[in-house]
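The next block holds one structure in the form of structure tokens; read it before the comments.
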Amino acid sequence: MGWLDKKKPKPVKIGINGFGRIGRMVFQAICDQGLLGSLLNVVAVVDMTTDADYFAYQMKYDSVHGKFKHKVKTEKSNASAAEADVLVVNGNRIRCIQATRNPEDLPWAKLGVDYVVESTGLFTEAEKARGHIKAGCKKVIISAPAKGDVKTIVMGVNNTEYDPHVHNIVSNASCTTNCLAPVVHALLKEGIGIEKGLMTTIHAYTATQKPVDGPSKKDWRGGRAAAANIIPSTTGAAKAVGEVLPSVKGKLTGMAFRIPTADVSVVDLTFMAAKDTSIKEIDEAIKKASKSYLRGVLGVTDEELVSTDFIHDARSSIYDSLATNQNNLPGEKRLFKVVSWYDNEWGYSNRVVDLLRFMASKA
């Protein structure tokens, strides 16, 4: 991860707005990377409840990722909401703050918060996210695709485009974009190129889906039971790659299938190469990238692995070299399929942390 090696960031204060699935995973990644209280000092988390005991329970025990590896205790408040409960993790005190419909009302100025991780899923539009800036923080990272005048950053792919004087609100894109973009980046940088392509992500179900059949006005199939169905869905991940890699803008599109697994997803990219190539050349290109400019972001596996083997893998994308395929008639060498795995929770959350560190190093 060369972008993190050159300059050690100054310690910054972090607020996490939305202590749900991704908010907690980001916090855990900060802890596991040994950054809590040093480089990234998380001072507050915001959610519908301020019950520190419940937050501690949620962190200690996770159905997918197992037990939390750090010491957790709580300090309960018997006073008003202004005197919030406190989480104490490895000796670091983190205030538990009541959620608000307006980010401007959050106490970021009072707490001296520098960066906010916006992970509620509610404030993904530029103007709404700007409420955090008005509340007193300096920068906002949206842990989702964003709308409006927001710079999308995929670490290892286009993070060098970040300008601290211009980009006060950035998006970490989606987990699927974070998987697809490094693969596309490697194919472009190593000279294979992409003329056009279709992507499908076979994606684990998420909290936005229904545990049993329920109402869903816009997407009828999306209202069907998540753990009992393979559900066709839409995704903007392929299109978003064109935002971070302009040379493929308009060349990629795709769809999703939500499947009955709790974590780990996989991207299937079928593409027409810009020139004649081979499976061997594609393998070599991606392996080269994984060992150099995409180290720590793009991985490679040449074993007979399945989805559970990638649970808690911190990389954004793990290319399955055994799954690469082609469909070329004699004299043709341009139609190929590549497959890449990703832990859509843990890999993504680690990139949010890397983006925090990168932005702090440029402050």
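Positions of Cβ are set from backbone N, Cα and C atoms, glycine also.
According to TrEMBL:
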- Cys175: active site, nucleophile (ACT_SITE)
- Arg21, Ile22, Asp47, Arg101, Ser143, Asn344: NAD(+) binding site (BINDING)
- Ser174, Cys175, Thr176, Thr206, Thr235, Gly236, Arg258: D-glyceraldehyde 3-phosphate binding site (BINDING)
- 12-175: domain 'Glyceraldehyde 3-phosphate dehydrogenase NAD(P) binding' (DOMAIN)
- His203: site 'Activates thiol group during catalysis' (SITE)
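Within 8 Å of the centroid defined by the CB atoms of Ser174, Cys175, Thr176, Thr206, Thr235, Gly236, Arg258, the record's D-glyceraldehyde 3-phosphate site, lie the Cβ atoms of Thr177, Thr201, His203, Ala237, Ala256, Ser265, Asn344, excluding the listed residues themselves. Within the set of recorded positions Cys175, Thr206, Gly236, the entry lying nearest in space to Arg101 (NAD(+) binding site) is Thr206 (CA atoms). Counting in whole angstrom, Ser143 (NAD(+) binding site) lies 15 from Gly236 (D-glyceraldehyde 3-phosphate binding site) by their C-alpha atoms.
If you take the C-beta of Arg21 (NAD(+) binding site) and look for same-chain residues 6 or more apart in sequence within under 8 angstroms, you find Thr206, Ala207, Glu345. Of Asp47, Thr235, Gly236, Arg258, Asn344, all annotated as binding-site residues, the residue with the shortest Cα distance to Cys175 (active site, nucleophile) is Asn344. Between the CA atoms of Thr235 (D-glyceraldehyde 3-phosphate binding site) and His203 (site 'Activates thiol group during catalysis') there is a gap of 10 Å. Of the recorded residues, Gly236 (D-glyceraldehyde 3-phosphate binding site) and His203 (site 'Activates thiol group during catalysis') place their C-alpha atoms 13 Å from one another.
Its Cβ placed at the centre, Arg101 (NAD(+) binding site) has 9 other Cβ atoms within 10 Å. Around Asp47 (NAD(+) binding site), the same-chain residues at least 6 positions away in sequence with a Cβ under 8 Å from its Cβ are Gly18, Phe19, Gly20, Gly23, Phe55, Cys96, Ala99.
Within 10 Å of its Cβ, the residue among the recorded positions Ile22, Cys175 with the fewest other Cβ atoms is Ile22. Most Cβ neighbours within 10 Å, among the binding-site residues Ser174, Thr176, Thr206, Asn344: Thr176 holds that distinction in the structure as shown.
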